[in-house]
Structure formats: C-alpha cells, structure tokens
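Undergrad: This is the structure I have questions about; it appears just below.
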Amino acid sequence: MIPGNRMLMVVLLCQVLLGGASHASLIPETGKKKVAEIQGHAGGRRSGQSHELLRDFEATLLQMFGLRRHPQPSKSAVIPDYMRDLYRLQSGEEEEEEQMPSGGLEYPERPASRANTVRSFHHEEHLENIPGTSENSAFRFLFNLSSIPENEAISSAELRLFREQVDQGPDWERGFHRINIYEVMKPPAEAVPGHLITRLLDTRLVHHNVTRWETFDVSPAVLRWTREKQPNHGLAVEVTHFHHTRTHQGQHVRLSRSLLQGSGDWAQFRPLLVTFGHDGRGHALTRRRRAKRSLKHHPQRARKKNKNCRRHALYVDFSDVGWNDWIVAPPGYQAFYCHGDCPFPLADHFNSTNHAIVQTLVNSVNSSIPKACCVPTELSAISMLYLDEYDKVVLKNYQEMVVEGCGCR
C-alpha cells in the first residue's frame, strides 16, 4: 500500500474507533451505517481494544510524519511570523489578499528548491556582548540544533536580523552601517574574556533609513555543525556604524531585548536561524497555485448521481484526532477518496491501464475474476506547519496526501 493510502486508512480507522457525531466529517455518508455496526458488535470489549489500537495508529501516523512522539507544545512556544508567511507562500494562500505576507517577503526559491523541510531556531538567550572598538557593537548567539534528525541533510541556512529605521538627524542622508556575521571557531578563552576566534560568513552595507529584515547566509557554519559534526560555538554579529556615536549603536538592529519591551513583541523580532533540509523522502518544496487546483476539480462535482469510479470529498480535520494543539496550519485538508464501479467496457475517461481493460474483459465472461478497482491514479502533496517535540517550528512537505485523480486499475 502506498504511503498516501496508508495515511488515509489510518486516519479513517482512528475516526471509527473514536466514534461520535463530531467525527462525521472524516467518514463518508456511505460508511456511517457500517461504522455503527462495528461499534455495536464491539460491545464491552471496545474500550480497551480501542485505546490500544489508537496508540498503534497514532504511532504509525507520527512515524510517517517523522516524529518519535506526540508533540506537547509549551505555552511559551512562539510561531515566528516568517514561518507563517513562508507557509502561506508555499501553499499558495498568498493569492488571497487578506492573507498577504507582511513585510514584502519573497519566497526563497533557491534554498527551498533543494529542501522538503524548513526549521526555525531562536537563540538560547545566552547573549554575550563582545568588547570591541568604540565604533563597533558585537554580540554572540548560540543556537541549539540538536533537534534536527540525523537523516535530514541540511542544504542551506540563513540568519535573519530585524533592523529599524534610524531617526532623522544631521547625517541621516549619508548614514550607513555594516553588519558582519561570523562563525565562532573557538569560545572565549578564560584568560582573555570576550576574545573570540572567528571567521567571516557574510557581510552587508546597509542604509539606515529602512525598516526591514536582513537575511545572511550562514550555510558554511551550519553545515560544519550538522554534516561534519564540528563543535557549535555559535555565531557572532558585529554592527559597525560610520556616522553615529556610541550611544546610538545597536539600537536599531534588534539583537537584544530592551528593558521596556514586552516578551511577546521581542519574540517576533528576535534573531532567527532558518535551516533548509531534505530527509530523502519525496520532492522538494514547490510553490503551488490554489486557483488552478480549484478549477481542475469543478467538472467532477457536477456528476453527483454517477455511480461510476470517481473522486469523492473526504475532509481530514486534525482537531478530530487531537492534533490541533501542535499542528499550526492547516487546521485540516481535503484528502478525497476514490469510489465507484468500473463497468465493462472501460471508457477512456476511467484512466485505465491495459491490464485493467483486459481484467474487466475477462470478468465479463468469467465472474470469478474480479473487476478492476477504483483507485487513486494521481496524488499530490500538502505542506504542514507544526511544533515538534522540542517546541521548534517546522514547515514540511508531505507527499501523496491528496487524491487528484481516480481510475480503474
């Protein structure tokens, strides 16, 4: 059984065991009577067996999602706006005007083209000011990447820093500053506090009259830590100002939380490390256009009384299986399923194989040979934004989750 069909089967079985009217969205009308019969025959044995089966089913689902256990997010878990916007761009939701990503975010075509998983990491709040020259301000950030699975190959990584427009002043028109990003090769020596051995990863000269996020390539450092298993001593960020006094330094590049800033506000403006990786399963992230998918399915909706093989609606609601506490988006999705007769002779629109045509022909003269079956012939992926077991936000592409076409096979 292909992974997509396994996924649908397990979800349906979970709903049968859970029972109740609240789960009707996952059970087609034609199957409700059968569900009632199963529940009736189960009797007193249902409770214990159901819980045991549910555990097995959930374990199977979590394994398919690449998780070792059911995530239980803490109340302090934060979903970065960047990850929400990236999900909307990747899934095609940016076509809806009211959900346009903020800040003019552009979809990262190049890093996403080699990845099926995007992960975000906030620094460990272990912020160290690094003493430097009078015109510089430098900070060290430590990111814990231990939650990245061993089978996930990182292809690229970026550090995102938020900077605010500097108030106008005498040097406003010619005001520039340079942001340097370093990998810390060795931690501060005890004999020389604050002194770091670093290597430059990326640098940018920016004008201070714009409020925006800046993205820096830190792939060499993250690849050393994950692929080569080298020690992770963090990143150093240095901001060099050319036309400001020491009192104005670092105030517009958000590297640390101010005393007057609330925790909620700071959470959305903290430095963010984003990794792009691939676990070897399925295809890379690709932007999808929702409008095209909707138009594609309109012809099948008109044939409501047709009993022949076709696609039927099947909405999977993650709240029905108690997963809405860790799955951020989507709240559910239209999985669809295939059902119907494969009559003789098979017409071209049944999308049949030569073998199915021969099998149907033989069935017409010998009923002991079964008819061809109505099955999915085309499947597509969905993207999920969720919190993993370590409260890290993950955007992942899951293959073969949506039935796009049915046929007799």
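Glycine residues also receive a Cβ, built from the backbone N, Cα and C atoms like all the rest.
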Undergrad: Quick one: which of Cys406, Cys408 does Swiss-Prot link to Cys342 by a disulfide?
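TA: As annotated by Swiss-Prot, the paired cysteine is Cys408.
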Undergrad: Choose one of Cys14, Cys338: the cysteine that Swiss-Prot connects to Cys406 by a disulfide bond.
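TA: Among Cys14, Cys338, the cysteine that Swiss-Prot links to Cys406 by a disulfide bond is Cys338.
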Undergrad: Per Swiss-Prot, which of Cys14, Cys374 is disulfide-bonded to Cys309?
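TA: If we follow Swiss-Prot, the cysteine bonded to Cys309 turns out to be Cys374.
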Undergrad: Other than its own, how many Cβ atoms are within 10 Å of the Cβ belonging to Cys309 (disulfide bond)?
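TA: Other Cβ atoms within 10 Å of Cys309 (disulfide bond): 25.
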Undergrad: Write out the long-range same-chain contacts of Asn144 (N-linked glycosylation site), meaning residues 6 or more apart in sequence whose Cβ is under 8 Å from its Cβ.
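TA: In sequence order, the residues whose Cβ lies under 8 Å from that of Asn144 (N-linked glycosylation site) (at least 6 apart) are Phe121, Glu124.
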Undergrad: Could you tally the C-beta atoms, other than its own, that fall within 10 angstroms of the C-beta of Cys408 (disulfide bond)?
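TA: Its Cβ has 26 other Cβ atoms within 10 Å.
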Undergrad: Identify which of the glycosylation sites Asn209, Asn351, Asn366 has its Cβ surrounded by the largest number of other Cβ atoms within 10 Å, counting every protein chain shown.
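TA: Ranked by Cβ atoms within 10 Å, first place goes to Asn351.
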Undergrad: Report, as a single number, how many Cβ atoms besides its own are within 10 Å of the Cβ of Cys374 (disulfide bond).
TA: 21
Undergrad: If you draw a 10 Å sphere around the Cβ of Cys406 (disulfide bond), how many other Cβ atoms fall inside it, taking every protein chain shown into account?
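TA: Here the count is 24.
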